[in-house]
Amino acid sequence: PADSEHSAIFQCIQGLPEGALRRIILTASGGAFRDLPVEKLKEVKVADALKHPNWNMGKKITVDSATLFNKGLEVIEAHYLFGAEYDDIEIVIHPQSIIHSMVETQ
């Protein structure tokens, strides 16, 4: 897998017996708006979305990160790549961006 999140999952599940994967946890930095009160979201501009707190990326992926759109795509990817049910895929906000994803096993 090309995404760091999915690559981490792939590495975690190597050697697991069939059926041992209980849950996939994808992490998200939270993007540029993670500390913004919900009522302020109506006022944000594209320039605000481009101020990612952790990463220097291209414009599209930075906006996708700020809106968490990229996490929606990553959930779909994890579902198809690893055969996980959508209810077994979680997103956790992890502002430090140290862990890219985790798995829970039985």
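Glycine residues also receive a Cβ, built from the backbone N, Cα and C atoms like all the rest.
Around E5 (Mn(2+) binding site), taking its Cβ as the centre, 24 other Cβ atoms fall within 10 Å, counting all chains. The Mn(2+) binding site annotation in Swiss-Prot covers D3, E5, E74 and rests on similarity to another entry.
The number of other Cβ atoms within 10 Å of the Cβ belonging to E74 (Mn(2+) binding site), over all protein chains shown, comes to 23. The 1-deoxy-D-xylulose 5-phosphate binding site feature in Swiss-Prot is assigned to S4, E5, S29, H52, S65, N70, K71, E74.
The CA atom of S65 (1-deoxy-D-xylulose 5-phosphate binding site) is located 14 Å away from the CA atom of E5 (Mn(2+) binding site). Within 10 Å of the C-beta of H52 (1-deoxy-D-xylulose 5-phosphate binding site) there are 17 other C-beta atoms, taking all protein chains into account. Listed binding-site residues: S4, S29, S65, N70; maximum Cβ neighbour count within 10 Å falls on S65.
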